[in-house]
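S.K.: Below is the structure I would like to discuss, written out as structure tokens.
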Amino acid sequence: MILSDQDILARLADGDLAIEPLEDVDLQVQPASVDVRLGRRFLEFERANVPCIHPNREDEVDEYVTETVVEDGDEFILHPGDFVLGTTKERVEVPRDLVAQVEGRSSLGRLAVVVHATAGFIDPGFNGRVTLELSNLGKVPVALTPEMRISQLVFTELTSPADRPYGDERGSKYQDQDGPQASRIRGDREFGGTQ
């Protein structure tokens, strides 16, 4: 069951669902979602003369990623064909009986901006800022301003609370992230990790 605005507000008031800072409830809480705003930090992938990046080699992934922090009053220009990682301003804490889905806002979609490539699902137990996989599918650059409403979170109630939620007990790779995170796929079992 997808939570309505009434359900979202009740869960926020109870404190088991947290979205902070939620500075303008009337603006951000929609009929069946919550608009979240763009943070100031971005990870950009450098164009390099390499045949490929091996996801399981930390040095290769880290070598081709640079962080940009947008200052007050400035904007981040997302160029056609670019893919960058951004983050939400808000931290989100999802209780054991809910999942969240990251969806794009229609107004940005009409400018050819997408907010996630594949990672649009937030597990029960997640706590942190949401990493956004931003792309410009259009033909002209788009200026993104920190604190603009960039995406929406849709919450769905599980049939029962998760017995093994996302989090520290599972060694979850992205728990408590405070900004955009590059791939940590090297932590997966098939690459010698524990997950």
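Each Cβ is built from the backbone N, Cα and C atoms, and glycine gets one as well.
Since this is a predicted model, take the numbers as computed values, not measurements.
Swiss-Prot feature annotations, pasted as is:
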- E133: active site, proton donor/acceptor (ACT_SITE)
- R105, S106, S107, L108, G109, R110, D123, T131, L132, E133, Q152, Y166, K173, Q177: dCTP binding site (BINDING)
- 165-176: compositional bias 'Basic and acidic residues' (COMPBIAS)
- 185-195: compositional bias 'Basic and acidic residues' (COMPBIAS)
- 161-195: region 'Disordered' (REGION)
- G120, F121: site 'Important for bifunctional activity' (SITE)
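Give me the structural setting of these features: burial, nearby parts and distances.
M.R.: DSSP gives E133 (active site, proton donor/acceptor) a strand state. Listed in sequence order, F83, L85, V114, V115, H116, A117, T118, A119 are the same-chain residues at least 6 apart in sequence whose CB falls under 8 Å from the CB of E133 (active site, proton donor/acceptor).
All chains included, 18 other C-beta atoms sit within 10 angstroms of the C-beta of G120 (site 'Important for bifunctional activity'). According to its DSSP assignment, G120 (site 'Important for bifunctional activity') is coil.
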S.K.: Just checking, which of G109, D123, L132, Q152 (binding-site residues) has the fewest C-beta atoms within 10 Å of its C-beta?
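M.R.: Fewest other Cβ atoms within 10 Å, among the binding-site residues G109, D123, L132, Q152, is found for G109.
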